[in-house]
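Chemist: Features from Swiss-Prot:
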ACT_SITE  Glu72  active site, proton acceptor
ACT_SITE  Lys167  active site, proton donor
DOMAIN    33-303  domain 'CN hydrolase'
CARBOHYD  Asn20  N-linked glycosylation site
CARBOHYD  Asn61  N-linked glycosylation site
CARBOHYD  Asn99  N-linked glycosylation site
CARBOHYD  Asn116  N-linked glycosylation site
CARBOHYD  Asn124  N-linked glycosylation site
CARBOHYD  Asn176  N-linked glycosylation site
CARBOHYD  Asn333  N-linked glycosylation site
CARBOHYD  Asn348  N-linked glycosylation site
CARBOHYD  Asn375  N-linked glycosylation site
Amino acid sequence: MAKNYWGFFLFCLALGLMLNLSQQASLFKRDFYTAGVVEFEPSNELSDNLAGYLEIIQSQNATSTDIIVFPESTLNSAGSTTFVPNPEDQINPCLSDPNATYYEEFLVTLSCAARNASKYIVINLTEKQKCEDIPEDTRPCASNGLNVFNTNVVFDRQGVVVSRYRKVHLYGEPKNSTFLPELSTFETDFGVTFGHFICFDILFYTPAHQLIVEQGITDFVYPAMWFSQLPFLTVNGIFSSKAVQIQLGWSYANNVNLLAAGASDPIVGNSGSGIYHGRSGSLRSVMRQESGERSIYVARVPKYRAKRRMKRDLKRQVATSSSFNIKRDYLENFTSEELKIDAGKIGNLSQNLCHGGFCCHFDLAWRSLGKPSRNTSHYSYRVGIYEGWRNEKRLDVNYIRNCGVFTCSGNSIDDCGQLLPDIQRPLVTFTHVEIRVTYPQSREFLLFPDTLLDNLLPLEPKQFEWSQKRISEESHQVRFALRKSLEVKHLLTFGIYGNYYNNECTFGVGTAEEQLECGYKNPKI
């Protein structure tokens, strides 16, 4: 009897292993995976946020997902920090610390939730670590002996912590940065390797762009609490940014998959989540304007099968809705010119505009929508260009070369880069928009399309034309235009965002000797 029992037990065990292996093989061979990104309105109570996370993980809408990504800073705070396992130790908090004697209870609970749902779960939290655990970091430590990090944590389907990333570029946050920047990736059972970073990191070479250039990563998870700026840095936008605006532009320029989860509090300027498939654009995206929400957005994401070329030779040193709060770019530093729009008439502009030695050529055509009615006002447009450092107090800086068309609520540059009142309406329909720029070559840089409509979402790739060609060792020719026959009447921003990071090894920058050291044969003085 006992012999039959053990035989049956071993048979069931073997059958279970075979079914599991078969399922993994099927997931690996599929040409897509199913992802969910969460737009989440946080509260001040950890217990309420945790309950909201669990409700989403267990929801019907999340059933088909392989991976779920939650936003930045929507779970715990400095008053409820937790230790986080080192991924190298392959620790499962749900099994190793079920009573939460070392890790905080919410971390254990989410480990169990990932295990019970059999999904990869990406969260962002406020982490604590003992300073003594990093003896190589000789920087001063807090009096309590702890470092505090803004950290992504990834659980696999069993609840094991398989990856951890600590934010490099803090956005004015009273937290620590790591002694050396981290590059974090994790592999999945569906055959995709993800890289990850957090919010403000997207504007810098390390780690976001570096993972693409030096490791060939094609898929990214991206928790964020983005504070939008006009006109290019809404999540989707050009000179200031809205979350979705920058998300789509970054995914498009790098031709990678991006799973972006955003905090949802439009009153303070937080919103913007989406799933993006490189040059194909948005698979799902949302930009809340009136009120926050707690929702999951799901899409099937096509896999990139071809391996990317990697650069191994780089040596790195260390809405128009008044209820949406948005920051403003420093447009007074731009060279700009107002479009002369006559009511009821057709207009056009063909002009070069320069800021210092950086120039852009604009070709625009528009059709007036008629004379303004007595009880409404209309926004105007300017073309603008800027080359220089993007500076905000107490933040990491980067060097940008931007040019584009953007809206204003009046005739002065001081009236630009602000959310427009609901009563303002578009005065023109653009029938042609084209920008041509020659950008200098650099060791590290990223050029991407930056657009925004009055619903705070960007134009999709099917609505525009983009080309970037290397025309010499020193320069790239970029052309960005509306699709032929397409007309747009709700345009807030249309431009090219040139991010040159630290501007090192850029052609024409520095002495002749420095340019020769960067590999340029004919340096420009």
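Numbering starts at 1 and runs along the chain as displayed.
Cβ atoms here come from the backbone N, Cα and C positions, even for glycine.
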Chemist: Take the Cβ of Asn99 (N-linked glycosylation site) and count every other Cβ within 10 Å, whichever protein chain it belongs to.
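Modeler: Its Cβ has 7 other Cβ atoms within 10 Å.
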Chemist: So of all those recorded positions, Glu72, Asn124, Lys167, Asn176, Asn348, which one's Cα sits nearest to Asn333 (N-linked glycosylation site)?
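Modeler: That would be Asn348, nearest by Cα distance.
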Chemist: Please report the distance from the Cα of Asn348 (N-linked glycosylation site) to the Cα of the residue listed as 'active site, proton donor', rounded to the nearest angstrom.
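Modeler: A Cα-Cα distance of 46 Å.
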Chemist: When you rank Asn61, Asn99, Asn116, Lys167 by Cα distance to Asn176 (N-linked glycosylation site), which of the recorded positions ends up on top as the closest?
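Modeler: Going through Asn61, Asn99, Asn116, Lys167 one by one, the Cα closest to that of Asn176 (N-linked glycosylation site) is Lys167.
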Chemist: Provide the number of Cβ atoms within 10 Å of the Cβ of Glu72 (active site, proton acceptor), excluding the reference atom itself.
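Modeler: Cβ-Cβ neighbours of Glu72 (active site, proton acceptor) within 10 Å number 27.
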Chemist: Got a sec? Which of these glycosylation sites, Asn61, Asn116, Asn124, Asn176, Asn333, has the most Cβ atoms within 10 Å?
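Modeler: Sorting the candidates by Cβ neighbours within 10 Å, the top entry is Asn124.
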Chemist: Just checking the glycosylation sites Asn61, Asn99, Asn116, Asn124: which sit within 10 A of Glu72 (active site, proton acceptor), CA to CA?
Modeler: Asn124
Chemist: Compute the C-alpha separation of Asn61 (N-linked glycosylation site) from Asn116 (N-linked glycosylation site), stating it in Å without decimals.
Modeler: 16
Chemist: So of all those recorded positions, Asn99, Asn124, Lys167, which one's Cα sits nearest to Asn116 (N-linked glycosylation site)?
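Modeler: Minimum Cα distance from Asn116 (N-linked glycosylation site) across Asn99, Asn124, Lys167 lands on Asn99.
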Chemist: Look up Asn61 (N-linked glycosylation site) in the DSSP assignment and reduce it to helix, strand or coil.
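Modeler: Once the DSSP labels are grouped into three classes, Asn61 (N-linked glycosylation site) ends up as helix.
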Chemist: Is it possible to get the count of other C-beta atoms within 10 angstroms of the C-beta of Asn348 (N-linked glycosylation site)?
Modeler: 11
Chemist: For Asn99 (N-linked glycosylation site) and Asn124 (N-linked glycosylation site), determine the Cα separation and express it in whole Å.
Modeler: 22
